[in-house]
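Swiss-Prot lists 23-47, 26-34, 41-65, 71-90, 91-96 with the feature disulfide bond, giving similarity to another entry as the kind of evidence. Residues annotated as domain 'UPAR/Ly6' in Swiss-Prot: 23-97. Marked as GPI-anchor amidated asparagine by Swiss-Prot: 97. Here Swiss-Prot flags 1-19 as signal peptide, drawing on sequence analysis.
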């Protein structure tokens, strides 16, 4: 029973608690579909997602690793002859900059239901 509780506790830990620095990498693109590839970050880097905007155009996005001191900054980037204002949003944890998926939501729901089944029923 104790082993079961320990396993559930480990599964319930947020992804950022494992200390692994793997992130999704995606070149600057005007497509919101950024499947990307996996990359390993340095010890002083965090995962990031960059969102760029320019007047009269659609947004651009990129993902990867970034020095933690550069997180949250806004910088100009050029894409297809247009200069965008790119703002980076950083996160910590393994692959934290990937797009949320229905599998993540389903896993959280399954974990909650599993915990509920392990608890003894209350007597009224």
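Glycine residues also receive a Cβ, built from the backbone N, Cα and C atoms like all the rest.
Keep in mind it's a predicted model, so treat the numbers as computed, not measured.
Features as recorded by Swiss-Prot, highlighted on the structure.
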residue	record	Cβ neighbours (10 Å)
23	disulfide bond	30
26	disulfide bond	21
34	disulfide bond	18
41	disulfide bond	20
47	disulfide bond	27
65	disulfide bond	21
71	disulfide bond	16
90	disulfide bond	21
91	disulfide bond	16
96	disulfide bond	18
Cα-proximity to residue 41 (disulfide bond), 10 Å cut-off, over recorded positions 71, 90, 97: none
Residue 65 (disulfide bond) and residue 71 (disulfide bond), distance between Cα atoms, whole Å: 10
Cβ contacts of the residue listed as 'GPI-anchor amidated asparagine' (under 8 Å, same chain, 6 or more positions away): 23, 24, 47, 48, 49, 63, 64, 91
In sequence order, the disulfide-bonded residues (26, 34, 65, 96) whose C-alpha falls within 10 A of residue 90 (disulfide bond): 65, 96
Rounded Cα separation (Å) that holds between residue 65 (disulfide bond) and residue 26 (disulfide bond): 10
Rounded distance in angstrom between the Cα atoms of residue 96 (disulfide bond) and residue 26 (disulfide bond): 14
